[in-house]
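Visitor: I am attaching a structure below and will ask some questions about it afterwards.
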Amino acid sequence: MSDKSRLDEPTGTHTVGHEWDGIEELNTPLPRWWLWTFYACIAWAAVYVVLYPAWPMVNSATQGVLGWSSRGDLEKEMAGHTARRAPIVGAIASIPIAALPSKPELLEAAIQGGSAAFKVHCVQCHGAGGAGVVGLYPSLTDDDWLWGGDLANIETTLIHGIRNPDHDQTRLNVMPAFGRDGILDSAAINDLVSHVRVISRQEKPSAASARGAALFENNCVACHGTNGEGIRELGAPKLTDAVWLYGGSRDAIAKTIHNPRNGVMPRWNDKLDAVTIRMLAAYVHSLGGGEDAPAPVAPAAAEAAAVPDKVPANG
Amino acid sequence: MANPDVLAGSEGPLYAARKGVYPKKVDGTFRRLKWVIMAVTLAIYYGTPWIRWDRGPYAPDQAVLVDLANRRFYMFQIEIWPHEFYYVAGLLIMAGIGLFLVTSAVGRAWCGYACPQTVWTDLFQHVDRLVDGDRNAQIRLANGPWTAEKIARRAAKYAIYLAIAFWTGGAWIMYFADAPTLTRDFWAGDAAFIAYGTVAALTATTFVLGGFMREQVCIYMCPWPRIQTAMMDEKSLLVTYKDWRGEPRGSLKKALAHPGSVGDCVDCNQCVAVCPTGIDIREGPQIGCITCALCIDACDTVMAQVGRPRGLIDYCALDDVAVEKAGGTAPPVLKTLLRPRLMVYLGIWSAIGAAMLFSLGERTRLDLAVQHERSPLFVQLSDGMIRNNYTLKLRNMETRPRKVAITVSGLPGAQLWTENGSREKASQRVLMTISPDSVTRVRLFVAAPSEGPARQDFTIATIGRDGDPRGDEDTIQFDRPEAQ
């Protein structure tokens, strides 16, 4: 490498004095504004370091005299969002949940909010889309509801939970463990399974199902109804349809009769505020299986409808 | 801070101050062409937002509007939605190929005539001439002391610069909102902060880049000169000094005294004086040349005065240079332009343009996109049927509400309902009204008997129910549980 700069005759320009394999570089001066721009950048950086967090220290960084932080920005933004949401959140809280469908913009907001809350609190059991897990957690997307699928019923379930031991308003269904507690022997359970599968149109009637029908009448109608149509007030499932929480195969039904599983859901009123619960109810209702609120009943009809309540819960 | 001059060693400075460029006024074919192009491009830029275009009650009536808030792009009869952004990609491809076409034909003609930096620099140079006078007066004033007259002229010049710069920045924002409304809001102080910020930023950049940086932008900042070199070939027309005709240079006197000893160049330096980037074209092709051809005008004028043929500096291809050096005659310009390479570029360029026009004419204004909800893939209903959920995006791109029917085919026994209906009212089609100029999202529930393949393709279609039956359809999958 040569460090002697020389005048390059053909161009009349000095070289910078470097040489690589016989190639020399001409000293073509940069524009001076370039240099000033560079100085301006240094000045800018100096100002920036004073005004903003810049210099990393052992555990933190220099704070900057403006006191700016990205965390502070986030807090401001969050506060702004909360303030913007306040009117619609207030409106959702102040009307009866059954009235939500009559206010489309509130319903839409509730569904959006519920969708977000569902992802945080519910997907662990009920799955990302509310599909549930057969044998463990019910699907929230189908049209079969143990306790009722209208907005108010879903909200009640969310608030009080299912089988919550420390809570007296919780929803509680009690199916006896017919096999484990020795109420029925395995042959009887087998006959009962046949009958249940006949009324759910999975099997053709047989001698076993005929025996099972008699057993059903003695042991099951109190909760599941005369024809196995279920009683919602008791959370007793319909046995005649195609939806089975714990499976509809012979084996699965036999297991349920032998030792019922009695699913549990936490109550959410001690973890979530009333509006969030309401939004969750709206979202779950929107998943495709939601039911319309029951029409208001006349007093006489209401009395008739109240009859199943008088059936002893434990049959 | 170090004084930059200290950095200058005996071998010359590392940093050099800008040498003032004071292009002389010139007249000629290319100057007139430049005037026309400048007038047209500036008129398009400043005027376009003010053209009105009636699109009915649900759409703005500005002919060219980039409506970022509502994510619409209006260009006369054409309305582009965000999902049709490929038209913009097509335009960019056309612009790219157009640049290949122009550059391989006539070199850096874009730089010399149509580039905004060139157009505004040209405009600002006319302001210089208007306020300070022509080249010599400008140089005198620049080198002279700061007299009251100089201060007054500078103040006037910068005021005009600023006015042009402000007008330029102001015109830009008109493309993004209704121009008359925005103008009123702007002066009333009611416009969005972004409007003032944009005008301020563009005023500043126009003022600095057009008023002061000028040729420095072309030489030091702009990537095009580097890239365009790769697009030219030996048949591209470039502004060329015909040294085989001009050299050795000599005055008229010398030519009269010793005929045949000097070339046609009389070394009058007019080509240097008129150059807006301050180069000497006689040193050969160089990065500072934007092929604006003002030197051709200047040289032709001088050649006419001294009674020699025009074209000492002229548009000339490298191939022509070889031919003319050897004493031949270069082929006519038209022949240079009608060569295969340009025909191929032109063919591709036109094909893309034609395809885009065809596609614009054929596109449906009622667009359907269906997404199969996958969580869950299917739902077992209590009566034994299987339900799948779909999210429908219905784009009504017309400026009127549309009544449509949503139907399915290829799925026997299917029942449809949406989140606004219920299973009880399910039927084989859903009727709905879609708001104008908007995207409607709707969840469609489709229930079908459980007997059937685990995966079955079927078609969801929209049919107009308001006189125009044209719609759109999408084929999508229906899932069932695997057979036990």
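Glycine too: its Cβ is placed from the backbone N, Cα and C atoms.
Straight from TrEMBL, here's the annotation block:
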type     : residues  : note
TRANSMEM : B:33-51   : transmembrane segment
TRANSMEM : B:85-106  : transmembrane segment
TRANSMEM : B:158-177 : transmembrane segment
TRANSMEM : B:193-212 : transmembrane segment
DOMAIN   : B:253-284 : domain '4Fe-4S ferredoxin-type'
TRANSMEM : B:342-361 : transmembrane segment
REGION   : B:462-484 : region 'Disordered'
COMPBIAS : B:465-484 : compositional bias 'Basic and acidic residues'
Visitor: Do the transmembrane segment (B:193-212) and the transmembrane segment (B:158-177) come close, with at least three CB pairs under 8 A (pairs 6 or more apart in sequence)?
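Guide: Contact between the transmembrane segment (B:193-212) and the transmembrane segment (B:158-177): present.
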Visitor: Need one number: mean pLDDT over the domain '4Fe-4S ferredoxin-type' (B:253-284).
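Guide: The predicted confidence over the domain '4Fe-4S ferredoxin-type' (B:253-284), as a mean pLDDT, is 89.
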Visitor: What else in the chain is close to the transmembrane segment (B:158-177), if you only count residues 6 or more beyond its ends and a Cβ gap under 8 Å?
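Guide: Long-range Cβ neighbours of the transmembrane segment (B:158-177): 45-46, 48-50, 64-68, 120, 123-124, 127, 130-131, 183, 186, 195, 198-204, 206-207, 210-211.
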Visitor: Cβ under 8 Å to the transmembrane segment (B:342-361), counting only same-chain residues 6 or more beyond its ends: which ones?
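Guide: Sequence-remote neighbours of the transmembrane segment (B:342-361) are 78, 87, 90-91, 93-94, 97-98, 100-101, 104-105.
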Visitor: Which residues, given as numbers and ranges, are at least 6 beyond the ends of the domain '4Fe-4S ferredoxin-type' (B:253-284) yet have a Cβ under 8 Å from it?
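Guide: Cβ under 8 Å, 6 or more out: 19, 21, 23-26, 118, 121-122, 125, 135, 214-215, 218-219, 239-241, 243, 245-247, 290, 292, 294-295, 297-299, 301-303, 306, 308-309, 312-313.
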Visitor: In the compositional bias 'Basic and acidic residues' (B:465-484), how many residues does DSSP assign to helix, to strand and to coil?
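Guide: For the compositional bias 'Basic and acidic residues' (B:465-484), the helix, strand and coil counts are 0 helix, 7 strand, 13 coil.
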